Amino acid sequence: MSHIKNLIPTTVNPDLQKERSSASFDVNEFAAWWQGGADKLELKRKIELAIFSDLEDGYGINHEYMSHEDLYNSTVKKVAEAAPKLKALQEKLNPGGKDIWPGCLFRVQSHGLFPANHPLATHITMFVDVIKGQGTPEQVEKWGTLAENCNIIGTYAQTELAHGTNVRGIETRADYDPRAGEFVLNTPNLEAYKWWPGGMGHTANHAMVVAQLYISGKLKGVQMFIVPLRDPETHMPLPGIDIGEVGKKLGMAAVNQGFLGLKNVRIPRTNMLMKYAKVERDGTFIASPASRVNYLTMVYTRCLIVNLNSSLLLQAATIATRYSAVRRQSPIEPDEAEPQIIDHVTQRLKLFPEIATGMAYDIAAKHMWELYDQTVLDANNGKFDRLPDMHIMSCALKVLCTTDSCAGIERLRLSTGGHGYHIAANLSNIYGNAVAAYTYEGENTVLLLQIGRALVKAWNSFKQGQGVSPAYGYFASSMRLKEFPKWNNSWQIIIQALQYTAAHKTRIAFENMSERIAAGQSQAVAANNTGIELTRAAEFHGRQFVCETFLNQITGPNAQNRSPALNRVLENVLELFLVQTVLNNLGEILRFVHLTDADLRSLQKRLEVSLEKLRPDAVAICDGFDYHDRVLNSVLGSYDGNVYPRIFDAAKRSTMNQRPVQKSFETYLKPLMKARL
């Protein structure tokens with residue numbers, strides 16, 4: 001226990017309070033807008049009051065001193081205890097909703113309830129939703145309710161030890177036996193073992209296994225199968241199941257990621273999800289009406305990833321910004337007092353662009369959810385034309401958000417100096433959670449290549465005068481220009497420059513790939529050799545979408561529902577994001593867009609001005625994200641700003657500090673000190 005618990009003030013740090021008092025807008029209005037309405041903000045706060053108020057002292061850091069095994073078992077206990085409370089709270093506060101149960105198992109509140117993560121997230125976010133999204137009504141009735149109530153615990157097993165993003169390369173196979181009406185599942189070699197599914201290690205007793213379907217020895221493509229893994233009473237692995245945990249990772253300490261090997265495991269025919277593709281009793285295969293319908297699962301998950309990583313970036317930004325308002329160091333004028341480090345322009349450059357970036361991706365994710373809901377509605381009505389574009393844009397958002405958030409979180413950690421290196425700052429945990437998403441649900445470079453190939457395919461259609469979807473509408477608007485218009489410093493010209501660059505990057509990639517094919521290379525080899533150009537074109541395709549979406553959401557019709565003061569702040573954030581995006585990508589933009597020295601100087605000045613404008617509002621903006629202290633779980637980022645007492649309190653909690661002399665002293669250290677070396 002801490003010896004200085006009572007030394008942590010109950011008041012707010014005066015520097016932090018000064019920041020809040022000088023804000024130019026109403027923080028509650030910002031928070032209500034950010035949460036989607038005042039009613040949602042009020043409900044969120046009620047939920048957090050109910051679920052966080054009775055957590056014991058040291059809840060957020062005690063797990064750091066547990067063994068790997070103890071941490072897992074402690075987390076399972078926490079989940080099991082939280083589940084009935086969350087479900088009861090759902091019925092009390094919002095009957096029929098899902099924001100508390102199961103929402104608090106994977107939304108931002110879960111970061112406070114389960115600071116080391118937990119092994120049921122994949123069950124809730126993928127196993128349940130895949131059943132409901134791609135199962136028949138009968139399968140949803142049979143499995144869905146059981147899964148939603150956690151009567152069965154599932155996971156999603158797609159990635160293999162030697163195959164990840166390349167789903168077509170998966171080697172796990174499901175052979176249909178028409179005599180028994182069963183599928184026989186096998187992992188034919190070590191490389192085909194399922195690897196990484198959350199909760200697989202010791203938690204799940206079912207898995208949604210992605211496997212190659214074979215009927216009479218003929219490949220029918222990738223399908224999904226519900227496979228029981230463990231005995232429902234003893235939890236022992238079933239015959240033919242080789243299962244365990246992959247071991248400790250960089251982050252996600254309690255997620256219990258696992259491996260799975262299958263040897264002649266038989267399941268009923270009805271355990272294959274058959275909303276779209278079907279296998280009849282006699283082995284007749286009915287293909288899905290849309291070859292890419294299985295991508296809906298991946299699209300859903302990638303939207304979740306953008307939500308998660310944008311939130312993790314904003315949590316890190318909140319911690320670093322609050323700390324920067326409290327920390328005083330390095331006088332600007334030699335004879336003056338040490339200023340808040342947020343007064344250093346270079347510190348603002350580390351902080352404020354990350355706030356803007358997190359907001360941009362969060363807003364883009366909200367827009368993507370609207371598109372996703374419409375895509376699912378269309379698919380349910382037999383219309384699948386939205387699927388390809390939805391797949392490509394979800395890939396782009398996933399890539400850019402994870403890339404930018406991971407780099408941003410690390411910049412923010414560095415911005416907090418040595419104290420940010422402490423585990424109690426929670427920045428390392430936030431980074432460990434965020435960086436995993438760089439790889440899962442599609443490794444980023446591989447996804448960029450997928451996007452690039454889609455771009456050159458769309459460009460080919462555009463060149464031939466065929467129609468292209470609205471996602472590529474900027475091809476035509478860019479190619480109509482004989483040369484790029486004179487730079488006028490508007491937001492619209494920034495969007496136009498990004499789209500113009502994206503279009504020309506796609507054009508050049510297409511031309512170079514075509515030249516390689518004309519020289520005798522196969523299309524696949526030519527695509528590989530054009531990979532660098534394809535990935536850069538893909539990146540710009542995504543960036544123009546994020547910037548245009550951010551602009552539309554901040555300046556569009558919804559602005560009428562916000563006060564002028566709030567709109568001014570949001571426009572400052574938008575300005576910073578757009579200007580920083582241009583400056584970060586000047587090398588490519590200048591290849592196609594003529595900018596004078598005066599234009600470049602103007603962009604630099606705009607960057608500095610936007611940092612200055614955001615300075616008085618930075619802390620209040622972070623307050624507007626309304627992250628509970630339990631969610632931030634940081635000695636540097638607590639709402640009260642009492643940084644130094646909290647750092648010392650965390651240090652005193654170290655289990656090594658519970659005894660003044662360690663047992664190794666008498667055995668090893670003392671003899672060493674007395675030895676004559």
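Heads up, the Cβ atoms here are built off N, Cα and C, so glycines get one too.
Remember, predicted model here, so these are calculated numbers, not experimental data.
Database features (TrEMBL):
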type	residues	note
DOMAIN	26-153	domain 'Acyl-coenzyme A oxidase N-terminal'
DOMAIN	156-265	domain 'Acyl-CoA oxidase/dehydrogenase middle'
BINDING	T159, G198	FAD binding site
DOMAIN	295-456	domain 'Acyl-CoA oxidase C-alpha1'
ACT_SITE	E441	active site, proton acceptor
DOMAIN	491-674	domain 'Acyl-CoA oxidase C-terminal'
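When each of 26-153, 156-265, 491-674 is checked for Cβ pairs under 8 Å to the domain 'Acyl-CoA oxidase C-alpha1' (295-456), 491-674 comes out on top. G198 (FAD binding site) sits 12 Å from E441 (active site, proton acceptor), taking the Cα positions as reference. Cα-Cα distance from T159 (FAD binding site) to E441 (active site, proton acceptor): 9 Å (rounded to the nearest whole number). Averaged over the domain 'Acyl-coenzyme A oxidase N-terminal' (26-153), the predicted model has a pLDDT of 94. Summarised by DSSP class, the composition of the domain 'Acyl-CoA oxidase/dehydrogenase middle' (156-265) is 6 helix, 49 strand, 55 coil. Sequence-distant neighbours of E441 (active site, proton acceptor): residues of the same chain at least 6 apart with a C-beta under 8 Å from its C-beta are M298, T301, R302, I305, K398.
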